[in-house]
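Straight from Swiss-Prot, the features:
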type	residues	note
TOPO_DOM	1-53	topological domain 'Cytoplasmic'
REGION	1-43	region 'Disordered'
COMPBIAS	7-24	compositional bias 'Low complexity'
TRANSMEM	54-74	transmembrane segment
TOPO_DOM	75-86	topological domain 'Extracellular'
TRANSMEM	87-107	transmembrane segment
TOPO_DOM	108-122	topological domain 'Cytoplasmic'
TRANSMEM	123-143	transmembrane segment
TOPO_DOM	144-193	topological domain 'Extracellular'
TRANSMEM	194-214	transmembrane segment
TOPO_DOM	215-243	topological domain 'Cytoplasmic'
Amino acid sequence: MGKNKQPRGQQRQGGPPAADAAGPDDMEPKKGTGAPKECGEEEPRTCCGCRFPLLLALLQLALGIAVTVVGFLMASISSSLLVRDTPFWAGIIVCLVAYLGLFMLCVSYQVDERTCIQFSMKLLYFLLSALGLTVCVLAVAFAAHHYSQLTQFTCETTLDSCQCKLPSSEPLSRTFVYRDVTDCTSVTGTFKLFLLIQMILNLVCGLVCLLACFVMWKHRYQVFYVGVRICSLTASEGPQQKI
């Protein structure tokens, strides 16, 4: 009767802490770094602060503009150059693909398609990226063929044109004429350098288009199902109330 009783909620000597010390706010799950995220809160993968598919679209746009500019510079050297030898058309197609990708990724992109419009835009971007890959491969092939010919040409200036021939023992060998050229060095030097630049740019651009196709395929057939599985696991591993 004379001994003082310990206050309620105070830890006894040698025993576990009393459960009464925890207030009602402590029973709620705390949100921190270890707290499970909700199903709709999947963080997008980033690269240098930018989402990875968005970075691919930006690369497509930059490379497409570069290919287009170099192609028009090549066309200005001679008026007799074929369209296949000045692949500005490949850059224009890749720029259109990039514009569609930027619109899709910045406005209405979702990893799991929730509407028919999102699915249609992703499918169209996938098909156009495949088309961009095809035209880039063609541009590389045409540029490489013309570059290999320029390395074997013997050129001479005639009036306002440059006439080039392949070394051959036949007297009637084929002659390539580059009109509106005052100096053959613009063909054997400048144009040859532009062909090499086009091969490099179109090769990189084709790889970026291939990677864009892979990312679209992966988001369609892999990330969607993995996201559903993670959501089910996080829902089952939620905090359980102790009895």
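The backbone N, Cα and C atoms fix where each Cβ goes, and this holds for glycine too.
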Stretch-averaged pLDDT - the topological domain 'Cytoplasmic' (1-53): 49
Highest-contact recorded stretch vs the transmembrane segment (123-143), from 54-74, 87-107, 194-214, CB pairs under 8 Å: 194-214
Other parts of the chain folded back onto the transmembrane segment (54-74), taken as Cβ under 8 Å at six or more residues beyond its ends: 47-48, 81, 85-95, 97-99, 101-102, 105-106, 129, 132, 139, 191, 194-195, 197-198, 201-202, 204-205, 208-209, 211-212, 215
Other parts of the chain folded back onto the topological domain 'Extracellular' (75-86), taken as Cβ under 8 Å at six or more residues beyond its ends: 138, 142-143, 146, 162, 177-181, 186-187, 190-191, 194-195
